[in-house]
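Student: Straight from Swiss-Prot, here's the annotation block:
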| type | residues | note |
| --- | --- | --- |
| DISULFID | CYS25-CYS119 | disulfide bond |
| DISULFID | CYS27-CYS43 | disulfide bond |
| BINDING | GLY28, GLY30, ASP47 | Ca(2+) binding site |
| DISULFID | CYS42-CYS101 | disulfide bond |
| ACT_SITE | HIS46 | active site |
| DISULFID | CYS49-CYS94 | disulfide bond |
| DISULFID | CYS61-CYS87 | disulfide bond |
| DISULFID | CYS78-CYS92 | disulfide bond |
| ACT_SITE | ASP95 | active site |
Amino acid sequence: GVWQFAYMIAKYTGRNPLDYWGYGCWCGLGGKGNPVDAVDRCCYVHDVCYNSITQGPRPTCSRIAPYHKNYYFTGKKCSTGWLTSKCGRAICACDIAAVKCFRRNHFNKKYRLYKKNIC
């Protein structure tokens, strides 16, 4: 869920998770236009990942699951134990991929709290 994603961001990037809220055109709720840089592209890919597990004829998760569904992870891996559902593992995989992407790319302060109307 949201809190687990926030924890991952803080732990693996060393940044406050709120730094990513409103970053560029895609970080935070919704998104439009072209990503402004590599970090914003991480958010775009994260949105695409969530869409892939919540849409289509046989979705793995409900549309709201990514915001409340708990999952289990150790280190940088999603748990495959009996406590974690298929949906939870899918959400976890999307979140871990995003965090690894954030960590690989430069955070540019000029894109924090970016004006979405220019996207």
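First residue shown is number 1, and so on along the chain.
Keep in mind that glycine also has a Cβ here, set from the backbone N, Cα and C atoms.
Have a look at these and tell me how they're positioned relative to everything else.
Tutor: Around CYS119 (disulfide bond), the same-chain residues at least 6 positions away in sequence with a Cβ under 8 Å from its Cβ are GLY24, CYS25, GLY31, LYS32, GLY33, ASN34, VAL36. Classification of CYS119 (disulfide bond) by DSSP places it in coil, neither helical nor stranded.
In three-state terms derived from DSSP, CYS27 (disulfide bond) belongs to neither a helical nor a strand segment and is classed as coil. A C-beta separation below 8 Å, combined with a sequence spacing of at least six in one chain, links CYS27 (disulfide bond) to TYR20, TRP21, VAL39, ASP40, CYS43.
DSSP gives ASP47 (Ca(2+) binding site) a helix state.
Within 10 Å of the C-beta atom of CYS101 (disulfide bond) sit 16 other C-beta atoms, taking all shown protein chains into account.
Cβ neighbours of HIS46 (active site) (same chain, under 8 Å, six or more residues apart in sequence): CYS94, ASP95, ALA97, ALA98, CYS101.
Every protein chain considered, the tally of other Cβ atoms within 10 Å of the Cβ of CYS87 (disulfide bond) stands at 18.
In the structure as shown, the Cβ atom of CYS92 (disulfide bond) sits within 10 Å of 24 other Cβ atoms.
According to DSSP, ASP95 (active site) is assigned to a helical segment.
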Student: Here's one to test understanding: among the disulfide-bonded residues CYS42, CYS49, CYS61, CYS92, whose C-alpha is closest in space to the C-alpha of GLY28 (Ca(2+) binding site)?
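Tutor: Going through CYS42, CYS49, CYS61, CYS92 one by one, the closest to GLY28 (Ca(2+) binding site) is CYS42.
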